Amino acid sequence: MNYEETIIAPATGMQSAAIAVLRISGEKAFEITEKCFQPKNKKRKISEKSHALIFGDIIDNNGNWIDEVLVSVFKNPNSYTGEDTVEISCHGSSFIIQQIIDLYLKNGARMANAGEFTLRAFKNGKLDLAQAEAVADLIASDTQAAHDLAMNQMRGGVSTKLKELRKQLIHFAAMLELELDFTEEDVEFADREEFLLLVKNLQTHIQALIDSFQYGNAIKDGIPIAILGKPNAGKSSLLNSILNEDKAIVSDIEGTTRDSIEDVVIANGIKFRLIDTAGIRETEDTIEALGVERAIANAKKSKLVLFLYDTENTHPEEIIKLLQPIKNLGIHLFLIENKIDVRNGFNPEFFNSDEISSLKENFASVKNLGISAKNSAQVSDLMTEIASLVKDWKNTSDTIITHARHKEALEKTLASLQATQQALEMNIPGDLMAQDVREAIRHLGSITGDIEVDRDILGTIFSEFCIGK
């Protein structure tokens, strides 16, 4: 990829709309635009002033009029990419968009690759790697919670925290390196007790960031919820009530749902991925058995499980047995008595205290409540309860990570810090300890791009962007 070339791409896509925006960035952005654009005010020059709006016409190389447009001018380094940048607001005809792109290509520009504008912003120091990833997250956000997380990260919330921790480690490393320069004089610049406290404190902060991934990633991608239960427990009715549509088949015949049905709902600003599964029971029906197997597999991949039951056709021991395949996986469990409208209300004593205690040992959390899946108010209260639980996952820190790449780097940082702590406690020489400290610094720097990042990693990150960003 040649970063000296001038690039162009539609920032608003190729679909027809009232208006469209095309973005041009690079060394020759102004020069090429001067060839393609004629201001209404003949005295205006594209390059004379940054952050200017110029009204005029796009004219092709043969003098043919293409469109009447508004051009926005951003001179380097005060642009998104840090390069000379032009944004053209034109009429949103896909034909017009393509005509303008073709004209720029003929005059020396090339089509931008996915995410190349943001990649150039990263290369030019306009934002770091974590902030660049947040740009993609912001574009993809479809809930208030996801938007807020992406905006915080894009504004440097994560980066500021990581750079602060890395700065402390660099100071520690500098003291160790200074000691190595004076080995023969047996001079100790680094107070071991002070550094031990520092390393322990850093581990606490790093662990908190790692723990925040459960919440951050779930908010970004949507929280998977599996709806489990015996056949005809009302699982499909619950899904339909949550979605407010007849997504699943509702029938009095047991085993109607033989495969998983998935859909997305946004409740209390949080996205949930709901999975209605086949009823769980022992069966000799090959197709139904496959549905049961998939139900268990989906539950194992979920953060939350809603287990619906009817007190008239089951008992606690049976439910506990059915839950055996998904225990000890960190799943949050909701035990939901359904059909309370025809069962004289919710029976909180259906499970005794020992049974609830046993379940709490095998699940991240356990809640027992009653609803009628056909009662929209009760279903709404259930979703509020679930959203409240999810918000409790958020740690006390405002810094939350949302990317698996960040989590992996933090885990490697933590391992290096644990090795450093062990070295300090065993009074191991500084030259051996320095290697672990350098590794911790390197892993932290890989998140923000403060160290040289592998080209393949950059390619993976920016390939996930849309063209034009």
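Glycine is no exception: its Cβ is also placed from the backbone N, Cα and C atoms.
The shown structure was predicted, so the numbers you read here are calculated from the model rather than taken from an experiment.
Features as listed in TrEMBL:
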type	residues	note
BINDING	Arg23, Glu87, Lys126, Lys469	(6S)-5-formyl-5,6,7,8-tetrahydrofolate binding site
BINDING	232-237, 251-257, 276-279	GTP binding site
BINDING	Asn232, Ser251, Ile253, Thr256	K(+) binding site
BINDING	Ser236, Thr257	Mg(2+) binding site
DOMAIN	6-126	domain 'GTP-binding protein TrmE N-terminal'
DOMAIN	129-466	domain 'MnmE helical'
DOMAIN	225-338	domain 'G'
Quiz prompt | Helix, strand and coil totals (DSSP H, G, I; E, B; other) for the domain 'GTP-binding protein TrmE N-terminal' (6-126) | solution = 29 helix, 44 strand, 48 coil
Exercise. Work out the three-state DSSP category of Ser236 (Mg(2+) binding site).
Key: helix
Quiz item: Given the binding-site residues Lys126, Lys235, and counting only Cβ atoms in the protein chains shown, which has the most within 10 Å of its Cβ?
Solution: Lys235
Quiz item: From the Cα of Arg23 ((6S)-5-formyl-5,6,7,8-tetrahydrofolate binding site) across to the Cα of Asn232 (GTP binding site), what is the distance in angstrom?
Solution: 55
Quiz item: Rounded to the nearest angstrom, how far is the Cα of Lys235 (GTP binding site) from the Cα of Arg23 ((6S)-5-formyl-5,6,7,8-tetrahydrofolate binding site)?
Solution: 49
Quiz item: For Glu87 ((6S)-5-formyl-5,6,7,8-tetrahydrofolate binding site), what residues in its own chain, 6 or more apart in sequence, show a Cβ-Cβ distance under 8 Å?
Solution: Ala11, Val21, Leu22, Arg23, Ile24, Val71, Ser72, Phe74
Self-check item: Packing count at Arg23 ((6S)-5-formyl-5,6,7,8-tetrahydrofolate binding site) (other Cβ atoms within 10 Å of its Cβ)
Solution: 23
Quiz prompt | Ser236 (Mg(2+) binding site) CB neighbourhood, other CB atoms within 10 A | solution = 24
Quiz item: In the predicted model, what is the mean pLDDT computed over the domain 'MnmE helical' (129-466)?
Solution: 84
Practice problem: Calculate the distance in Å between the alpha carbons (Cα) of Lys126 ((6S)-5-formyl-5,6,7,8-tetrahydrofolate binding site) and Ser236 (Mg(2+) binding site), and round it to a whole number. | Solution: 50
